[in-house]
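What TrEMBL says about this one:
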- 48-69: transmembrane segment (TRANSMEM)
- 81-102: transmembrane segment (TRANSMEM)
- 145-168: transmembrane segment (TRANSMEM)
- 451-473: transmembrane segment (TRANSMEM)
- 513-536: transmembrane segment (TRANSMEM)
- 557-577: transmembrane segment (TRANSMEM)
- 583-604: transmembrane segment (TRANSMEM)
Amino acid sequence: MMIMVADGIEHGAKLAVETDIFGKTYTYKKDGDAKEATDNKELKRNTVVYPSIAVQWLNFITYLILLLVYVPGDRGHLTAFYFVIAVSGFVFGLSNVLTFAIDDNYLPIYIAGENSFPVLTSLIHYLSSLMFGNRRKWNSDFLMVYIDLVVAILLSLLSAVMWTLGYVSKHPTEDDALKSKATEVVNKIIQHLNEKVDRLSEAVVTAVEQALKQALQPLAQPQDQGNVTVNLTTNISEVLKTDTGLNSQAPGVKTKLESHLGITPGNGVAQAVVTEALETLTDPAKKQAAVDIVKGALGGTTANDTAKVEDTDLQGPATEALKTVKLQNQAGAVKTKLTDQVTGQTQINTSADSITAALGKLEQLKSGTTGEKEPKDDALADVKEALSESGDSGAKTEFVSLWHIKGTDGYSSLDGAQWYIMFPFLMVLVGMGLVYCIYPAIAPGMIVPFYLIDKIEMVLLIATIFPALYVAIARSGKLIQGFGGFFDPVSPTCNWGATNKPVWLPSDLGTGYHWHLTDLVIPTMIILAYLFIYSLHYRDSSVARSIINQPKMSTCLTILFYMCHEISLAVGFPGIFGGNGGGSILALTAQLIGAFLMCLLAPYSEGYIIEYKRHDPSNWPTAGMTRWNALRYWTKMASKNCNKNLAALFTKDLRRDLLLCIERNELI
């Protein structure tokens, strides 16, 4: 019921979006336009983000009050405890819906956590019973509840703090996102330029090493001499080519290296000398000395004044920095903008500028520091503009949309919804609406032998983790390296149709048709529910005899029914808001209708069971009735009992009934 109320609030906000009742132009957030719908984002912050923060703290406060009500006094405060629990249920309903509404992108993670929590609760109970299970020494029942409340308070406090920090703190805008990445790109280029001479020095030594190895090859020496021909000039010149601006230093580098390695220039170098020189260069410690010799020959600390900037010195580091966000195709635009002599602000000249000159255009002294440097605003502006170009707009859109916490986004549209989204939508409706109509009162309660009920619950306690856990891992794409991703066909967030090809990816990831196999949970749950109820009314039938009180069959069918429920939610919600195009609107609509069905069918089921247990099979109330009249009878009586139960929630004297049970020893 509380989920329905919260869903109503959320859909009221969406109604405001469509009807313009607040006098502003609220528009749905269109895919690929991160600057659109500012008012829409403001509306979502006011109706979802801020209320969700308040609800998280209210959740913590209700648990705290519950502890304060539970602990003091000799007789307790039963009525207050009861009403605080009722309030906590309302808070949970609000929290659940607002969590769905605030960011459907990470909903699989939430569902996985929700399904894993019963295991944590069981673990806490197990440890508590180990420590305080001796009833002669401890008030075990009191302490178990006390520990539960303390753990709930700590977890709700942690959740409230993290939630507040996540959504109250400043959310980066698109401009912030591009500026951050532009800063990373410029710093990467600066680092690359500062290390260029070091890399060239290492490359020269490596080239000389290769030249010495070639000289020692059998075919490279005359058979009648003990000397070999060593030609270092070619290899060194290939590294210090004209574009580096250091080609004129090649003879000096060659001379210094030959002197360091003990190689006499000419065609007759003894093999032993070459072998010794090669051993020197293959020893890491000695090789570094050779690198230092080359760097000194290139100019040492002043080498950057001579070395030139190449196009690859700009595009290479930019590609590396942008690869992590799939914007590597914009690296060329970054290089072009930084070297643009007309509209660019940095105006690096790759045909004339030295590394020192280029660094002067890219960085400046950071104010308030001594010697520390930072990227210049001109360079950042050029890179930001290059990243904003439409050459790879899909990747830019993906990067910007995932940059900030998505709770600050506006409401998404249904423009891209596919027709087959109805299947995950129906999965959610059936999974939410039907489960508590049957489980646990009818199955396992009325069809499974009593001694198996606890075993079924233990199996489900563990088994229900896995559907949601798999979806969370597949959706993430990071928890297991190389497995999954939002649009990957292994995740239900993909498009369940023919293609999964986001515009920022070079190729189609594959079809998502296989997820329609999970559509089978819809008829499976309906058929199982029908079989369970049919078996109760037609106990002499072959169906009833094969199910009721048959340990293997009844246990398997009960577990299958509940696992279908778990699969329907774990797969259904991601299937709605994922690549099928439903977004948060359709996901919350499914949750609203599912919650309505749950609140309607669960109490009706309880009313039906009460009426069913009143009658003896030998004096069955619907004997001789047609099936239609029998259905009307059971529906009417279920409704009547349901209404009585709802009224009793607010009128029943719990303390009186509890004391009577204690006197009659009926609690044990």
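For all residues, glycine too, the Cβ spot is worked out from N, Cα and C.
Unlike curated records, TrEMBL annotations are generated automatically.
Since we're looking at a predicted model, the values are computed, not measured.
Ranked by number of Cβ pairs under 8 Å to the transmembrane segment (48-69), the listed stretches 81-102, 513-536, 557-577 are led by 81-102.
Using the rule of three or more Cβ pairs under 8 Å, pairs at least 6 apart in sequence, the transmembrane segment (513-536) is in contact with the transmembrane segment (557-577).
Here the transmembrane segment (451-473) has long-range neighbours at 108-109, 111-112, 114-116, 118-119, 122, 440, 444-445, 479-480, 483-484, 491-492, 551, 554-555, 558-559, 562-563, 566-567, 569-571, 574, meaning same-chain residues at least 6 beyond its ends whose C-beta is under 8 angstroms from one of its own.
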